[in-house]
Amino acid sequence: MRKKRYVWLKSILVAILVFGSGVWINTSNGTNAQAATITQDTPINQIFTDAALAEKMKTVLGKTNVTDTVSQTDLDQVTTLQADRLGIKSIDGLEYLNNLTQINFSNNQLTDITPLKDLTKLVDILMNNNQIADITPLANLTNLTGLTLFNNQITDIDPLKNLTNLNRLELSSNTISDISALSGLTNLQQLSFGNQVTDLKPLANLTTLERLDISSNKVSDISVLAKLTNLESLIATNNQISDITPLGILTNLDELSLNGNQLKDIGTLASLTNLTDLDLANNQISNLAPLSGLTKLTELKLGANQISNISPLAGLTALTNLELNENQLEDISPISNLKNLTYLTLYFNNISDISPVSSLTKLQRLFFYNNKVSDVSSLANLTNINWLSAGHNQISDLTPLANLTRITQLGLNDQAWTNAPVNYKANVSIPNTVKNVTGALIAPATISDGGSYAEPDITWNLPSYTNEVSYTFSQPVTIGKGTTTFSGTVTQPLKAIFNAKFHVDGKETTKEVEAGNLLTEPAKPVKEGHTFVGWFDAQTGGTKWNFSTDKMPTNDINLYAQFSINSYTATFENDGVTTSQTVDYQGLLQEPTPPTKEGYTFKGWYDAKTGGDKWDFATSKMPAKNITLYAQYSANSYTATFDVDGKSTTQAVDYQGLLKEPKAPTKAGYTFKGWYDEKTDGKKWDFATDKMPANDITLYAQFTKNPVAPPTTGGNTPPTTNNGGNTTPPSANIPGSDTSNTSTGNSASTTSTMNAYDPYNSKEASLPTTGDSDNALYLLLGLLAVGTAMALTKKARASK
């Protein structure tokens, strides 16, 4: 019994092993894990199911084909594996490479690294540039010293918390938001987590930090930084920080960079009164009030925000460097009190009045390019300026800059402005207003459209319309020691409005369009039975207008809607058989040959199978749709003649109709057989099923002759005995007489003509009587037979 139980248990074990594809794995609840092994030689492509990995392993294992089998011993020989850039999607099978110490699977398409979970001999892993999200399988690889996983999809790095031997950890460009696992990795020498980190609590114990750079994450909560009180410099650029309240306690900070975050409220900064260098560029700041008390500030960067009001800066008189570029500034009057400024950026704003800088006499560098400044007279007193960048404005007169003799760097290039539009005419003339530092007019360098210059005017002779004319200027200028080219373009718009008229079958709409512009295409007109082709410059023919490329000329234009006529199908259906014609809208159909149908007369073509309207091929026109016309017929009526021995009656019956059966005709000595299509023989007409053909017919009454009684001998008729045993005296039956032969059951009428026969109205049930020339002969023969019979009977009796 025990032996049988052992065999049974052994069978179950074998079944489990087979079900597990020949692999026995013992995980021991996550401790003392053993790498997987294969128990029998197995084809490579069954172990490594990814085709690309199988090909790589074929080479590593020295095989010729991925279907070749390998043993666990073969797999144990592999210690390093370089498999980068092979398009590998799965590393299934790696769990059998028990002796791996180094692997490189970078630049593949991996998502699942589960097969690594028990490869505890690994010391270095490179799997950057994949699609890995779950790194749980790395949790027990405590021998790892190097781990590179940048450019993946990792969100949870908790499995790394026990990898205390790590000295290199690269996790940038992932989606990590929790770095708590890093708090115990005290041996780390190289760390990057430029990902989506929001929680900085794991940094709480790093109290010796004096400079911290957490750039390029998604940090929004920086409360843990309040514990890093030794911080003197904090660089937290390119994150998602919106609340900087925790920084209020970091009073030792003298440098703070929060460039590239989501800051709107900077109220906390009011307490950081030791700040000397503050970078708040590239945020969403509009209210600068909290900065009003940071009087130690010497350098303030506020570029690329949403600032339109800089009045809170008016009291920061210690400022030497101020950056206000790329904001929404129009009014810069508050800076007029910042008399210690030596460096000021105002470029890429909407400033047209630069006069508030006139009191900043310590300014050495001033940048206000890409604004709308046209008058620079307020700069005349800034004699300490050595760098002036004023390009891309609307400056036309350099005279106020003549006394800025300390300038060494100068930018006045690419001035550009557009004059107010003037109406187009053949001769256009405008004054030149561009002056150099001496006040002399700068002659145009180029003049568009063949224009000419006679100081002080530029003139154009324009035989045809152009939407604008322009001229350029370019002249080297020297101010102080700064030399540059004062250049720019002056554009003079020429306004020209013309009418575009759109015609649709006599209806007109008009749009005003400036010459040189694209026309807005009207809604496509609709015309029954037609397809819109486009807008053309003629009612027929002409050139089609292209609304994507054709521009309004310098004259009124007329555009006509042109259509192509649609074709439709007319289907003619005749008892399920169809033919068709293709006919243009409103065209006449060609009438088909009238169809024929046995027993019917063709009525015409109708728009319904029954009823409907008849199509008139002379006047009815093709509608804007496909149609079906149906052949309709009326049944013909034919005559059926009933012939009874030359006497006839008739019926009129529709084709395929049933005839009304006449009363059966009678004929003396005959029994009526029926109506036949021949006088003799032929086919009997069945009034219940036979239907009227497509022609007149004649049906003939056919009869069968009744049997005749034998004649009597000597003119006497022996008595007959009826069934009751009584005798009946014989009666003479004279042919042609008005008598009855009761023994035969036949009756004869004295009437020998059928002129009055009406088979439908007769009230008699008997056949009509007729004359019969053979009756006398039959009677005599009958009498002779009776006489002979009686004689023989008598003789027989005598012989007895």
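Placed from the backbone N, Cα and C atoms, the Cβ positions cover glycine too.
If you look up Swiss-Prot, you'll see 711-753 marked as compositional bias 'Low complexity'.
The domain 'LRRNT' feature in Swiss-Prot is assigned to 36-76.
Positions annotated as pentaglycyl murein peptidoglycan amidated threonine by Swiss-Prot, on the basis of sequence analysis: Thr770.
What Swiss-Prot records for 518-706 is region '3 X approximate tandem repeats, type B'. Across the region '3 X approximate tandem repeats, type B' (518-706), the model assigns an average pLDDT of 92.
Secondary structure of the repeat 'LRR 2' (99-120), assigned with DSSP and counted as helix (H, G, I), strand (E, B) and coil, comes to 3 helix, 4 strand, 15 coil. Residues or ranges marked as repeat 'LRR 2' by Swiss-Prot: 99-120.
Within its own chain, the repeat 'LRR 4' (143-164) is flanked in space by residues 106, 120-137, 170-187, 192, 195-196, which lie at least six positions past its ends and keep a Cβ under 8 Å from the stretch. Among the features that Swiss-Prot reports, repeat 'LRR 4' is placed at 143-164.
Among the features that Swiss-Prot reports, repeat 'LRR 5' is placed at 165-186. Mapped onto DSSP classes, the repeat 'LRR 5' (165-186) shows 5 helix, 4 strand, 13 coil.
The repeat 'LRR 6' (187-207): residue composition by secondary structure is 3 helix, 4 strand, 14 coil, according to DSSP. Per Swiss-Prot, repeat 'LRR 6' is recorded for 187-207.
Annotation comment: Swiss-Prot describes 208-229 as repeat 'LRR 7'.
Residues or ranges marked as repeat 'LRR 8' by Swiss-Prot: 230-251. Each residue of the repeat 'LRR 8' (230-251) gets a DSSP state, and the totals for helix, strand and coil are 5 helix, 3 strand, 14 coil.
Here Swiss-Prot flags 318-339 as repeat 'LRR 12'. Long-range contacts of the repeat 'LRR 12' (318-339) within the same chain, counting only residues at least 6 positions beyond its ends with a Cβ under 8 Å from a Cβ of the stretch, are 281, 295-312, 345-354, 356-362, 367.
Residues annotated as repeat 'LRR 13' in Swiss-Prot: 340-361.
What Swiss-Prot records for 362-383 is repeat 'LRR 14'. Same-chain residues lying 6 or more positions outside the repeat 'LRR 14' (362-383) and placing a CB less than 8 Å from one of its CB atoms are 325, 339-356, 389-398, 400-401, 403-406, 411, 417.
According to Swiss-Prot, the repeat 'LRR 15' annotation covers 384-405.
Per Swiss-Prot, repeat 'B-1' is recorded for 518-587.
When DSSP labels each residue, the repeat 'B-3' (658-706) comes out as 0 helix, 20 strand, 29 coil, counted as helix, strand and coil in that order. What Swiss-Prot lists as repeat 'B-3' is 658-706.
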Same-chain residues at least 6 beyond the ends of the repeat 'LRR 6' (187-207) whose Cβ lies under 8 Å from its Cβ atoms: 150, 154-155, 164-181, 214-222, 224-225, 227-230, 240
Chain residues in Cβ proximity to the repeat 'LRR 8' (230-251) (below 8 Å; excluding those fewer than six residues from its ends, i.e. six or more beyond): 198, 207-224, 257-266, 268-269, 271-274, 279
